[in-house]
Amino acid sequence: MTQSVSKSLMACVDNEMTLIWGSSHFSANACLAPICSLHHVAVTTVEGIGSTKSRLHPVQERIAKSHGSQCGFCTPGIVMSMYTLLRNQPEPTIEEIEDAFQGNLCRCTGYRPILQGFRTFARVSGGDEVSLICSLSQQITLSPSLFNPEEFTPLDPTQEPIFPPELLVGDAPRRGERVTWIQASTLQELLDLKAQDPEAKLVVGNTEIGEIKHGRGCVSKCFLNCEGNRCFSVHVFPGISFGASCPLSFVEKTLLDAVTNLPAHQTEVFKGVLEQLRWFAGKQVKSVAVSPCSGALKAEVMGPFVTRQISRNLSLVLQGEYFSAFKQASRREDDIAKVTSGMRVLFNPGTAQVKELALCYGGMHDRTVSALKTTRKQISNFWNEELLQNVCAGLAEELSLAPDAPGGMVEFRRTLTLSFFFKFYLTVLQKLGIQNSKDVSEVPKGQCEEDMVGRPLPHLAAAMQASGEAVYCDDIPRYENELSLRLVTSTRAHAKIKSIDTSEAQKVPGFVCFISADDVPGSNITGIGNDEMVFAKDKVTCIGHIIGAVVTDTREHAQRAAQAVRITYEDLPAIITIEDAIAKDSFYEPELKIEKGNLTKGFSEADNIVSGELYIGGQEHFYLETHCTIAVPKGEAGEMELFVSTQNTTKTQSFVANMLGVPANRILVRVKRMGGGFGGKETRSTVVSTAVALAAYKTGRPVRCMLDRDEDMLITGGRHPFLARYKVGFMKTGRVVALKVEHYSNAGNTLDLSQSIMERALFHMDNCYNIPNIRGTGRMCKTNLPSNTAFRGFGGPQGMFIAEHWMSEVAVTCGLPAEEVRRKNMYKEGDLTHFNQKLEGFTLSRCWEECLASSQYHARKREVDKFNEENCWKKRGLSVLPTKFGISFTAGALVHVYTDGSVLLTHGGTEMGQGLHTKMVQVASRTLKIPTSKIYISETSTNTVPNTSPTAASVSTDLNGQAVYEACQTILKRLEPFKKKNPSGSWEDWVTAYLDAVSLSATGTPNLGYSFETNSGNPFHYFSYGVACSEVEIDCLTGDHKNLRTDIVMDVGSSLNPAIDIGQVEGAFVQGLGLFTLEELHYSPEGSLHTRGPSTYKIPAFGSIPSEFRVSLLRDCPNKKAIYASKAVGEPPLFLAASIFFAIKDAIHAARAGNPDCKTKKLFQLNSPATPEKIRNACVDQFTRLV
C-alpha cells in the first residue's frame, strides 16, 4: 500500500505513504524508512484519504475512472505520490505531475492512462477539451469516449487533515530485540553519542538501512539518527553551501529557487546539478536521501571544481566559465549510472584559451577520479579540434580499466569517458558563439444503454484498488496461531548436498521447525514434467534450488533462522549458458521440427543467401506482488484450504495433494486477485505453495509465506533466452524463397513448460511471411539455472523477433526499403502457414495499410532521412512491423442466481489486472439482459469450477466468456416458462418464481490438435493481428535513445471493452519495450543471478513510454470464433514493441553509414535487448577505435 507523510512515505514499489512533517509533505518508500525515523511525523496511508464506503478522494476516483488501475498492486503507491504533490501544490503543472511519479513502477498499464487521468489536475487555461504537452514531449488529448473529465469530483484542499498536535513530543531512545535507535536533537549531541559508541551506525537519510532486512551486511546494535531536527544548514553568500544532512529534495528546491531568482549566467553549476538530480531518483528517495556524493551525483557534485564552484562568488561564472554534468544508465530515470561525469572549463577573459579545466568521472574506479594528467596538459591551449583530439587521447590512456573490472562493460564505459567530453566540447563551442489520440470502436447504434458490451466500463475493482481496500493474498489478516515460513535455497549451481546444520537456526526466538524432503508424507516428485522435487534431495541443480524451509512465529524470525542454516556442498560441473549446453550436448527431449517444401531446391534458386546468429535475452516477470501462499489445515480427513497468488488453481491443487498423499478433493485453492502474473504464476507458484502446505500439515497450524523481491527473482525463473542460427535465401527483388532456423532456448534445471514454449516459437518463426521452403528446429537446453517458464507471449515473441531480424537483413542486402520487402513477403487471405493451417479472416493487410496511413510513415521517413543528414551525433530510425499470434485453450464457469435477482458469477479464470472479471460481468449482463450492478464475482476457487486451464495465453476472455455465455443461456432457458407466464414482469419477478441455483461447467475451443510428425492439424483456433510503427532517436555518443512516437493498429475483433483492451495493448507493448531495449539479466560464470531487484534490474518507467503513443482498434472486423466476436488481446501486442528495437537498428545504420572514417559492413549483429552499451558500441567511430 502507499502512504502519505507530511513527509510522504511510499513503500517499496507497492507500499507508499505521505508523511507530514510540520507543514511539509513528502513521499517516501516504506522499505527505505526505518519505523523509528518517523518520530514526530504524521503518516497517512492510502486508506486514510478516501474509501468506497464513504467517499473516494479525487485522486483515487480519477485513476479508477481513467482506467489507470489494472492489477492494482501499484495503484496505492501511485495514488499517494499524486496526493503528496497536491498537498504541496493544489494546482500543479504537467511537469510537476510527471516528476512526482519518477519513483513509481507499474507492470500492467503502460503508464499512459495514469498520466492521462492525473493531468486533469493540472492548470489549464481556456477551451473545453484538455490538450496538454508535458516535459516528456507527450501530447495527450483526453478522449471523452474513454472517460468524461466533467464527471470527476473537484479537488478541495481545505478538506485535507492537519498535522496532529500530539506528535509534538520529546525524544527518547527506542529499543528493539537487537537494536537501539537514538534520535539526536543537535549536532553536538550526535557527536557526543558517537564518541560514546564508535561502532554505532550514523543514519541521516541512509536509504541503505532498508537493505539490512535482506541480510546484506551485518546488523548494527545502535543507530544514531538526527533527522527529526535535521542537523543541516544552508549558507547563502556569494555561493550556496549545504550542510551534511540536507535531504536531496531540499537541495533540489533550494537550487531551483536560486535558478529562478538569479541571472541565468550565474547558475550554470546549479542547472547541471539539477539536471542530474532530476534523473537521479524519484521523489520518494530524494525525500530521505541526504548524501550528494553517491550514485549518479558522485562525479557531478564531489568533484573539487564543483565544491569550489558552489562555495564561491557566482559572478565568476560571468568570466568565461562553463559547466556540464553527464550520466549514462540502463534506464534514464531512477537508475544507477554506469558512468557519470562533471566537467568545468574557465577561459582567460575574452578568449577561448583554457585557464582551468577539470574533468571528473564516477564509475571508472572505486571512487570519483579526476583526469589530472590530461587536464594539466591543456592549460593555455585553445578550445579547438586539436584540444579535442589531445584530451580524448589522454583520457583513453589515463582512464583505463582492466578487462575483469567490477561492473563489466569495460569497452562501453571507456568509450563513454570520451563521448562525455566530446558532448561537453560541443556544448561549450555552442555557448561561445504531439497527440495521443485513441481511435475507439463504437457500439452499434440502438444498443441498449444497459448492455455494457463494447463500452469502456472501468475495471470493477479499480475504486477498491485505488483506496487500498482491494484484498491481495498477503492482505488477509493473520490467523491467531499463524506461523511464517522462509525458504532455504542452494548457493551452488550444481552440487551434492553433504550436510544440513540447523543448530544455529533453532536458537532464533520463535523457531518451530525445519522442513525438508524427509518430511514429505506423499511424493517429493512434482512439476509439469514430473522432473522436479518439492525439496532438493542429495543434490542441487541451480542456485536458488529449494532445499528446505524454516518455520517460526514471525516473518522476521523466519528470515534470521533461514540465514542461520548452514549447508555444505561438494561442487559438480555446471552448465550455465546456451553455448555451454550446445558444447556439452545437454538437451531435453524431444528435438522439435517443422518442415515444408524443398529446402535444398529453395537455396539453390536463391540469388542471395545470408546466414548468421542472434541472441535474445531473458526477462524477469517483475509482477508487483511476489509469490504468496497461506495454507490453513482443517484438521480432518487431510482437508486444507490454500489462499494463493496463482494463475493455475488446478495444478496448485493437484501438486499439493500429491505431495501430501491425499485426494485432490481434500485441497481447496482460492484466488481473489493477483498483483500481476504475466505467466510467472502459471506453474512456478507451486514451488512456494507446496512448501507452505507441508509446513501447515506438519505443524497443524496456518502458515504464510510471501517471497521478498530478491528471493522471487532468484527462485522462479522467467522468459526463456533464445539463440538462433539462421540461413535465409532470397531473390534480388526481396522475395524470400528458403529459410532454415535452428532455435535453442535456455530451459533451466527442469523442463516445466519449455517444450510448449519452443513449439509456439516454431509456430511463429514465419511471423507474417509466406515462405515456400522452410525448416525450423528447436532444442531445449538443460542448464543449471532456475527453470524458465511461461511469460506473456509464450515463445511467440522470440520466434517472431528472429524472423524480423533476418527479414531486415534481406532488405539491407537488397538495398530495398524494409517496409516494401515485408509487404512483398506477407501472407494473403486463404494462404497456408508453414504448419499447414489455412488463414481465414486475415485482417493483417488492413492493419498494415491503416498503420502506414495513420502514422504518416512515408512522409516521416523523409523527415527522418533529412534529420540524419543534418545531424552527425544524433540519428533517428523508423520501423514498421506486423504480428500474427495464434490463439488456443479451454475453460469453464458457474453462475448462481439468487431470489433477490442478484447474480454470483464464478469462472475458471483468475484476475491479475487484465480486466477479465470486468469483461465476464459484461458478457453475463448482455446475455441475461440485466444491469452489471446486479452481477458480482467473488473469487476463483477449485470447489466451484474444477479442472480449469491456467489463466494464460491471452484466451481467458474467449474461453471463460463462452462458458459464462453458455451458463447464462441455460439459466434463460430454465426461466423461459416463467417469462411466458408473466411477459411484462421484471427480472426479479421471474427469478423469484425460480428458486433453484443453476450451475454449468462448460468448455471452449474444440477440435484443436496438431502433429509435429505429420505437420498436420490446427494448433490454433484463430489468429490475432496487429501492426506498429515506431520512431526513435539515438545519441551516438552515449547509446541513449528516446522513444519518440509509436502508432499501433490492433485487430481485437469486436471489442468487449475498448478501455480495457487499449490498456492491454499499451501494457503489453511497454512490457515488450522492456524486453527488447531495457531489461537485462546478468549471471555470474558460476550461475548466480546478479540482477535481483529494482536497483539492478530495470523495467520501463513513466519516462520510458513513447512521447506520442497512439493506439487504434481495427473497426468492423468481428471474429466469428469467439464470444461476441471479440479476440484475445493480452499477449499479441507485446511483440509489436520490437518496432522500437528495429527503429534503433535503423538509426544505427544511419550512424554507421554517415561516418566516412569507418569502413563498416552494412550488416551488423545487434542482440536483444538493445541497451545503451550495445547501441554505443554498434555506432563505431573514432572514439570506439581509441579504446
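Glycine too: its Cβ is placed from the backbone N, Cα and C atoms.
Under the heading [2Fe-2S] cluster 1 binding site, TrEMBL lists Cys31.
What TrEMBL lists as [2Fe-2S] cluster 2 binding site is Cys71, Cys74, Cys106, Cys108. A simple way to gauge crowding: the CB of Cys106 ([2Fe-2S] cluster 2 binding site) has 29 other CB atoms within 10 angstroms, across all the protein chains here.
Sequence annotations record features per position, and here TrEMBL assigns FAD binding site to Leu202, Val203, Val204, Gly205, Asn206, Thr207, Glu208, Ile209, Phe280, Lys327.
Residue counts for the domain 'CO dehydrogenase flavoprotein C-terminal' (324-428) by DSSP state, with H, G and I taken as helix and E and B as strand, are 38 helix, 30 strand, 37 coil. Marked as domain 'CO dehydrogenase flavoprotein C-terminal' by TrEMBL: 324-428.
Feature annotation from TrEMBL assigns domain 'Aldehyde oxidase/xanthine dehydrogenase a/b hammerhead' to 467-573.
The Mo-molybdopterin binding site annotation in TrEMBL covers Gln647, Phe678, Arg792, Ala953. In the shown protein chains, 28 other C-beta atoms lie within 10 A of the C-beta of Gln647 (Mo-molybdopterin binding site).
Residues annotated as substrate binding site in TrEMBL: Glu682, Arg760, Phe794, Thr890. Around the Cβ of Phe794 (substrate binding site), a 10 Å sphere holds 26 further Cβ atoms from the protein chains shown.
Taken from TrEMBL, the feature active site, proton acceptor covers Glu1131.
The DSSP breakdown of the domain 'Aldehyde oxidase/xanthine dehydrogenase a/b hammerhead' (467-573) into helical (H, G, I), extended (E, B) and coil residues amounts to 19 helix, 38 strand, 50 coil.
The 10 Å shell around the Cβ of Glu682 (substrate binding site) contains 26 further Cβ atoms across the protein chains shown. Checking the binding-site residues (Cys74, Gln647, Arg792) against Glu682 (substrate binding site) with a 10 Å Cα-Cα cut-off leaves Gln647.
Around the Cβ of Arg760 (substrate binding site), the number of neighbouring Cβ atoms within 10 Å comes to 25. Note: the Cα of Arg760 (substrate binding site) and the Cα of Val204 (FAD binding site) are spaced 53 Å from each other. When pLDDT is averaged over the domain 'CO dehydrogenase flavoprotein C-terminal' (324-428), the result is 89.
Of the listed binding-site residues Cys74, Val204, Arg792, the Cβ environment within 10 Å is emptiest of other Cβ atoms at Val204. Every protein chain considered, the tally of other Cβ atoms within 10 Å of the Cβ of Phe678 (Mo-molybdopterin binding site) stands at 32. For the pair formed by Cys106 ([2Fe-2S] cluster 2 binding site) and Val204 (FAD binding site), distance between Cα atoms is given as 29 Å, rounded to the nearest Å. Taking the C-alpha positions, the distance from Glu1131 (active site, proton acceptor) to Cys74 ([2Fe-2S] cluster 2 binding site) comes to 21 Å. Neighbour counts were taken at the CB atom with a 10 A radius for the binding-site residues Cys71, Leu202; the maximum falls on Cys71.
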